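*Asks:* First the structure, which I've put down as structure tokens, then a few questions once you've had a look.
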Amino acid sequence: MKIKKKYCGHVIIVGKANVGKSTLLNNIIGKKISIVSRKKNTTQSNITGIKTEDNYQSIYIDTPGVVFDKNNNQMKHHKNNFYQTTQIATLIIFMIDRIDWTIHDEIILNEIKKTKIPILIIINKIDKISNKIILLPFINFLKKKIDFIEILPISAKKISNLILLKNIIKSYLPENCHIYPECYVTTNSDFFTVSEIIREQLILFLGDELPSIIKVEIESFKKKEKIALYIKAIIWVKNVRQKSIVIGHNGEKIKKISMISRNNIEKKFYIKTHLVLWVKDKN
């Protein structure tokens, strides 16, 4: 019996904040493993998604949106993580927002092309472009930048758009043993998953009021056989003013955040959950 060759590689998704990287990852994997919102810098750390189809395993890394210093247009915050992550890549997916090419896109491109790793560029959110004729001159503009392996105009929200993308990715995966079992869709720990579920509700409920430095820390995570899950989490903010914003009038906001977070945790883990949230300031 002939043994099938196996293929496996890392695919890094990069781009400015809020271009749709997390939406793309979730739709490729077929499950929500990365939180999505309109707020910039929703993704604060690398999210790994794994897609195994037959003898192909693609390991996707959704990186935090690249942030720039307003004064000098230099990359900041996640710069070191950006460089370290690209070192393991088989392929880089560079996402841009429609035909809005900026100096920041130019800087990101200049950095990733130094890696000599094949780059596929995605023009995302084309469903928001009413006059599709303007796409062609923009694609020609991109072709003059570097020799991209492909330039794909898509809407990351539409799964039907992703068939061609996944086929291109498969063609670039090297012959390798699979790193993860077929059932794996992410390397995220349960602690991380719970903290992200809570943080997603903070983003949705607080919107522009959300302190950018907010952090969710899982203090305890205990499972009583298969009966119930007991979680205590701390929401860290910078000062008393931010603390009052998160708690809300008479504690109404934090109650709603806690209730919906608990429901979403129960749906994720298929177990009754008891969730206690504390809001603390670092002063």
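Backbone N, Cα and C define each Cβ position, glycine as well.
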*Asks:* Identify the region 'G3' range according to Swiss-Prot, selecting from 62-65, 78-81, 250-253.
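*Replies:* Going through 62-65, 78-81, 250-253 one by one, Swiss-Prot gives region 'G3' for 62-65.
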*Asks:* Could you count the residues of the region 'G1' (15-22) that DSSP puts in helix, in strand and in coil?
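*Replies:* Tallying H, G and I as helix, E and B as strand, the rest coil: 2 helix, 2 strand, 4 coil.
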*Asks:* Considering every residue in the domain 'KH type-2' (198-283), what is the mean pLDDT value?
*Replies:* 88
*Asks:* Give the helix, strand or coil assignment DSSP yields for Ile126 (GTP binding site).
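*Replies:* Where Ile126 (GTP binding site) sits, the three-state DSSP reduction gives helix.
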*Asks:* Per DSSP, how many helix, strand and coil residues does the domain 'KH type-2' (198-283) have?
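*Replies:* Going through the domain 'KH type-2' (198-283) residue by residue, I get 41 helix, 30 strand, 15 coil.
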